[in-house]
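Trainee: Sharing a structure, written as structure tokens. Questions coming.
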Amino acid sequence: MAQKGQLSDDEKFLFVDKNFINSPVAQADWAAKRLVWVPSEKQGFEAASIKEEKGDEVVVELVENGKKVTVGKDDIQKMNPPKFSKVEDMAELTCLNEASVLHNLRERYFSGLIYTYSGLFCVVVNPYKHLPIYSEKIVDMYKGKKRHEMPPHIYAIADTAYRSMLQDREDQSILCTGESGAGKTENTKKVIQYLAVVASSHKGKKDTSITGELEKQLLQANPILEAFGNAKTVKNDNSSRFGKFIRINFDVTGYIVGANIETYLLEKSRAIRQARDERTFHIFYYMIAGAKEKMRSDLLLEGFNNYTFLSNGFVPIPAAQDDEMFQETVEAMAIMGFSEEEQLSILKVVSSVLQLGNIVFKKERNTDQASMPDNTAAQKVCHLMGINVTDFTRSILTPRIKVGRDVVQKAQTKEQADFAVEALAKATYERLFRWILTRVNKALDKTHRQGASFLGILDIAGFEIFEVNSFEQLCINYTNEKLQQLFNHTMFILEQEEYQREGIEWNFIDFGLDLQPCIELIERPNNPPGVLALLDEECWFPKATDKSFVEKLCTEQGSHPKFQKPKQLKDKTEFSIIHYAGKVDYNASAWLTKNMDPLNDNVTSLLNASSDKFVADLWKDVDRIVGLDQMAKMTESSLPSASKTKKGMFRTVGQLYKEQLGKLMTTLRNTTPNFVRCIIPNHEKRSGKLDAFLVLEQLRCNGVLEGIRICRQGFPNRIVFQEFRQRYEILAANAIPKGFMDGKQACILMIKALELDPNLYRIGQSKIFFRTGVLAHLEEERDLKITDVIMAFQAMCRGYLARKAFAKRQQQLTAMKVIQRNCAAYLKLRNWQWWRLFTKVKPLLQVTRQEEEMQAKEDELQKTKERQQKAENELKELEQKHSQLTEEKNLLQEQLQAETELYAEAEEMRVRLAAKKQELEEILHEMEARLEEEEDRGQQLQAERKKMAQQMLDLEEQLEEEEAARQKLQLEKVTAEAKIKKLEDEILVMDDQNNKLSKERKLLEERISDLTTNLAEEEEKAKNLTKLKNKHESMISELEVRLKKEEKSRQELEKLKRKLEGDASDFHEQIADLQAQIAELKMQLAKKEEELQAALARLDDEIAQKNNALKKIRELEGHISDLQEDLDSERAARNKAEKQKRDLGEELEALKTELEDTLDSTATQQELRAKREQEVTVLKKALDEETRSHEAQVQEMRQKHAQAVEELTEQLEQFKRAKANLDKNKQTLEKENADLAGELRVLGQAKQEVEHKKKKLEAQVQELQSKCSDGERARAELNDKVHKLQNEVESVTGMLNEAEGKAIKLAKDVASLSSQLQDTQELLQEETRQKLNVSTKLRQLEEERNSLQDQLDEEMEAKQNLERHISTLNIQLSDSKKKLQDFASTVEALEEGKKRFQKEIENLTQQYEEKAAAYDKLEKTKNRLQQELDDLVVDLDNQRQLVSNLEKKQRKFDQLLAEEKNISSKYADERDRAEAEAREKETKALSLARALEEALEAKEELERTNKMLKAEMEDLVSSKDDVGKNVHELEKSKRALETQMEEMKTQLEELEDELQATEDAKLRLEVNMQALKGQFERDLQARDEQNEEKRRQLQRQLHEYETELEDERKQRALAAAAKKKLEGDLKDLELQADSAIKGREEAIKQLRKLQAQMKDFQRELEDARASRDEIFATAKENEKKAKSLEADLMQLQEDLAAAERARKQADLEKEELAEELASSLSGRNALQDEKRRLEARIAQLEEELEEEQGNMEAMSDRVRKATQQAEQLSNELATERSTAQKNESARQQLERQNKELRSKLHEMEGAVKSKFKSTIAALEAKIAQLEEQVEQEAREKQAATKSLKQKDKKLKEILLQVEDERKMAEQYKEQAEKGNARVKQLKRQLEEAEEESQRINANRRKLQRELDEATESNEAMGREVNALKSKLRRGNETSFVPSRRSGGRRVIENADGSEEETDTRDADFNGTKASE
């Protein structure tokens, strides 16, 4: 990120100081000290340097205080190099661990950098102070920038979401999550602020009257909602006590068109009660502190301490003034459009809520009834709310309630009255809040423009753990659980699922962050029900309490892992839930009340009838059922997306909130989420302090580390092939050959051309995936490439424009010279008399003819005006008729609207009654079900009592059996003690032999613990026998009490049932009445519809007449416009002709004067004129022929071009059709490829499962071997068995050690060894179970005895006729007591043995703990090494990428050098060429200069001769008298001299012209030379500077590359050292593997002896494989058929979708027709045009309808084929089932053979056990392999049958879908037929529109032709005039010679006037001025 010198004050909180980070001193210090992170109790982690390594421990020196500490290797974490300090994206860290992440966040936080990227999301730490990073300047900095171009900021997140919404056309959401006080609300406000600036809807608009109104209101909505919904809590001074989802709608161009706010769960209980040091909602304090005196008197306000509902009085907020905030809130409401009356009404309601708290009730002396001794507060409440005081107090103290069908008054107690007032206050405030929200939404959504997409911002209460957590905290924490689960699912599950779906190489990583168990604990509906479901269930029962709810919750969810019962119970209403952020203790007191939210009906009806309109509006929709108040309408108005389901159902607060949350989660899942994780640094709300453990806990809970890890290891950026090719093909322009190419193949070629590292990307099925930062790098290169291309294009454009401007200047220069010459000629010509005469006479020639034409045109115009007036009168009449018809139509529509509204109200009432009836019926059914359950339970109790008598008879026998069992137990105890002593000795021996027998000790410990637990159980049972009798007696009494209660409840239920039946009959009668009313309304509606149809028919006739009239009017207007155009063209032609007439007249006058002057040369001049006229006519004819041929050629070229265009369009259509076919084929091939890939994956997984099960079976074979060898012996052979187990444990421990050595590379071996170890544990546990069977039987007998004793005691109290039997049992009990006393003595002995065993157990546990600690240490080392390996792999990838980037830069550098060399050589060549041209032009200039000098010399010589001749002529004239005789000769000589002089003049003029031209050329050459020289010098200088700059830049880059290479060498050296270490470990492992291989070879030698017996097994295996292959073949065929059926189904679905689209298009056309009909009332012309267009559309729709009918027939054929194929598949399934049964029989036969082989094997094992133990083990392994193969066959057979069942199911689903599609197609057909009638009406309109457009095009073409002809004729006239002028000039050259001759004397004698005239005429007709 570019830094611009010194950072400004606000940029210091955004940018990092790179000078400190890139310090080489810090880098060297880090490398020298070997810095690491070690755990710290204060700071979480502390920096230290490694001093010494001692095995598994490391001695480190703390950097802060220099203290040396010894820590474990597993506890230290690597430190990143200093260049990664304060890194902006933590995914760039080299060593990713908790310490590095915490350190980076801490460093940035202390530097004022609160935003940090963490992979794909952003982490924000609350600064607890104001930072200058939210100004308009910062907004402009982030506007339109990419993420990597600017530092982290909430503006960057908002801009990314905004740009993604516009580019991808996908809805976006920004989720700010975190604990309470972390800064979610503030960041939400910043997002809205940024969007209001960037996407302002008034940008670029001219209307400034509404500038930014919507944006202002959007920004001001937050202060209003915060004032009424936020409060101060312990953790946060501005805590949102409600959740909100702000949906900002944007149009297609990205402007804001509206917004909507949805709220969730306002904590309304805060309005009446607050915890210590907390406040209620802000508006209460704002109002009391900021209201003026008048307002205080109007609102009846008092001091803070005078209100009971303000529990803590006035609690100030630091840095906030309540009075100022009140003014801001009032201003915000004014901006939102709240009137002053509405504001005052709102504040009155707020004040009334406070006054409700001041109402005090007292208990009367003799009764519990409540009374109100002082009603002052009540009077204030009633004054503010507009209700009667007496009615209000009566409703509170003695409300009227309904008992059955009667209404009675019931006196309330003090507690009930207090509760009613508090409930009223809460409900009033909640309704006020919802009204404000509805009003705000109405203001924000008043534009009524359709939004193309939206951006949602979620701000919801954060996770809360208070001292007392109630129902609101449960809902808030439940919401946060759902949001965190969405984050985990989006970041971890969906990301990896897409990798697998695209088929890229990826191993699925389970991050263990599933929160579903906790969510199900709260929201699960049944089996078992969750917290909310149980709470709703308890709300049904009238006697339910909070304690019963908690008890039921503990019984249902007591075993749930996320549910806990607190150990130290303060109250019986407490329970705990383990959330993702920690354990929360909830107190369920008053939860039932909060969930039901009851209200007093009497008070709500009073408020509904209030005199205050605002209060009445708040309470207008009260609907109460079963004690719950309903606010359905208000909820719908505030939540536009909420559906109108179950208006009258029993709806609890929990249910409503759960549904709202479900809709919110659905909305979020449909958007692309952008996560912002807000972190709270400390709980003291202090800036500059960061609690490390608090931040770490939040990072762990939020999944920050896992998110960074998957961002680093995964491929977070992805792009589809077509978009990648379209966007980045400019970077590899020549890589893709011309012609069609598959998108994937093209991307592969582009990747090769771009030379990307293969580790940086993966190519999937439809997308290409990139690691972090790769796409950003490609974007930068693309921007640079586009910049270069644009610069080159701009240079070419500027060059072209400069050349064009230069040519234009040259043309202007020559034109200026011509104009100057002509102006000078005109100045001399204007005083010529003949010219003046010509200009006066010429305009008078055509005046008479033009006047006649003007008169005719005026007559025609008058007629046209009359016709237009007539048409206008007709149009006015038609408009009057139309207005009458529209009025009639409006009246009919109003009547129809009123009737439909009446019908809708009746329908709504019917629906509401039906819902109430349904609710009551459900309650009745539930009561009946409970009644039946109670009856069943009573019958069960009677049956149990009958069973007791029979069971009592068997009690004596069971007691005797128990005594025998006790004796057996004592014997077993003695034997067990002996065995335990032996085992103790053997354990000591084993400790001496090997110190790694921890596993066996664990097993022995479990065995001993089982024995001790059994002994303890026996002791407890012996003690409890004395208490059994009392217990059973109490149980019987409780059962009798419960039975009586059940009988009472049954009677109550019967009464309720009768009552409900009566209500149901009343409802039936009401429903019948309503149905009769509905029938009457329907009849009236039918009549009105008939009248409306008749009116519409009349309207159609009127419209047709109007259309005809409009058609005539349009024709007349067209005719008028044609005439007007003809008139204009005639006028223009007349003016043009007059102008031409004047010009020709002037020319004619000039010609006449010239002809008069040139009468001397008559014959020759006439001949020349005739010749010239003939030449002119010939030229005219040739010109006409040329124009005609040119027009013909143009016409032919147009026809050819049109034909070529048609051919190309046909070819294009063919190519499109071919492309569509290829796309379909490609899709089918891709589907087949995906299916094959899926099959391959399934087979691979099956193979892995088979291998895994093979290993398990091998372990089971070993287990069977040990069981077969050890199970046959008696328990006396325990010592031998222990020795065997010792050997096995030794082998296992050896394998474990080997696995620990291979921990880095052989993790799978560790898993297999642990599985083997688990098998041995299970084996030992099974043996202990066999030894303890007797004790379990004893426990069973005791349990049976207990149950019988219970039954006995119950019968003693229930029946008196069994007293004798009870006395005998008492005698038996006394005997049993004696026996128990005897047994107590044995128990004491057992206790002594127990103490001894406990000591042994303690020793064993100590040894076990040591072994477990060693194992944990090994696990830690393994994990640490694995993390180091992962870091090394990441470093290696980074280094590879760095090397590849360096190589690419080197290649680019070489390429740039080569280009620079080429450019410099090219410029050198250009310079040489320019110098050569300059030299040539200089030589030409010199030669021209010499020629000019020669011409000047010749001119001077001619002038001298001329002067001499003049002198001679003067002499001759003067001597005329003397030589009169020689006059004739003198005249001849004079004429000769004059001709010579004339020739000399012409030569002189020609020489002067040439001289002028050479001078001009010389000047141009000099100017061009100077310009070229200057440009060349500037280019050379710029090129030198550019080369110098590039050289310096390249030197800097080389220096940077050298430093980077040096770093890379160091890192490579470290990697090489690690590699050497790993290679050493590998060599050790290879040595161990060699020893294992030698042992394996020895086993193989012994195995070869028994290979003959294996051949039989192999044959059977081959048979089984053949049968399996047959099954697979048949299954594949079935799958192919199913795929073909699926393809047919897909085709049918596509056809159906096409029909659906056609239907939707028809609907759209229908709506457009309706709109056009409405618009026809104002403009008839548009309706006529639209009519013709729509008629053509109707024809097209008819054709599409016919095509759809054909498609439907084809679809029915396909359905028939599908049914036939389904029957065929069912037959094949039957055959497959038969083959499967055969395979099953074969498998059973193989299993029997396998059992026989096992028995043979056991026999062989008994025979040769002592000698060939190893060979038997090998045989058993082989047998296990065969068993595994057999089981594999069985599994494959099961998979085949499963796949067949799946195919069956798919086939049925396909048939059902086909049937549904057939029905839908029929519906579409009916809709299309209905649309035909409307569609035919539109066909005529489109034809008329086409005729109109053709006529307009014809007129346009006609005018274009006339214009072309006029311009051609004008050009021809101009050419003719020029030709005449040139002829006239040539004629004057000869005609003026005599005049000069005759005027020669005048030239000599007279003054200079005549000479000037001659010169003027010469200049005029020759074009150049002769001067003497």
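Even glycines carry a Cβ here, placed using N, Cα and C.
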Trainee: Considering the residues SER8, SER559, SER687, which is the one that Swiss-Prot annotates as phosphoserine?
Mentor: SER8
Trainee: From the list THR185, THR864, THR1228, THR1958, pick out the residue that Swiss-Prot labels phosphothreonine.
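Mentor: Annotation hit in Swiss-Prot: THR1958.
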Trainee: Name the residue among SER1049, SER1954 that Swiss-Prot annotates as phosphoserine.
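Mentor: That would be SER1954, per the phosphoserine annotation in Swiss-Prot.
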Trainee: Please find, within the list 431-453, 661-683, 1650-1672, the residue stretch that Swiss-Prot describes as region 'Actin-binding'.
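Mentor: My reading of Swiss-Prot: the region 'Actin-binding' range is 661-683.
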Trainee: Check each of the ranges 372-386, 762-776, 1692-1706 against Swiss-Prot and return the one annotated as region 'Actin-binding'.
Mentor: 762-776
Trainee: Tally the residues of the compositional bias 'Basic and acidic residues' (1789-1800) by DSSP class, grouping H, G and I as helix, E and B as strand, and everything else as coil.
Mentor: 12 helix, 0 strand, 0 coil
Trainee: For the compositional bias 'Polar residues' (1762-1788), what are the DSSP-based totals of helix, strand and coil residues?
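Mentor: The breakdown for the compositional bias 'Polar residues' (1762-1788) reads 27 helix, 0 strand, 0 coil.
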Trainee: Averaged across the domain 'Myosin motor' (85-783), what pLDDT does the model get? Just tell me the whole number, please.
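Mentor: Over the domain 'Myosin motor' (85-783), the predicted model scores a mean pLDDT of 84.
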Trainee: From the DSSP assignment alone, can you count helix, strand and coil residues within the compositional bias 'Basic and acidic residues' (1866-1876)?
Mentor: 11 helix, 0 strand, 0 coil
Trainee: Provide the three-state DSSP residue tally for the region 'Disordered' (858-882): helix first, then strand, then coil.
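Mentor: Each residue of the region 'Disordered' (858-882) counted once, the result is 25 helix, 0 strand, 0 coil.
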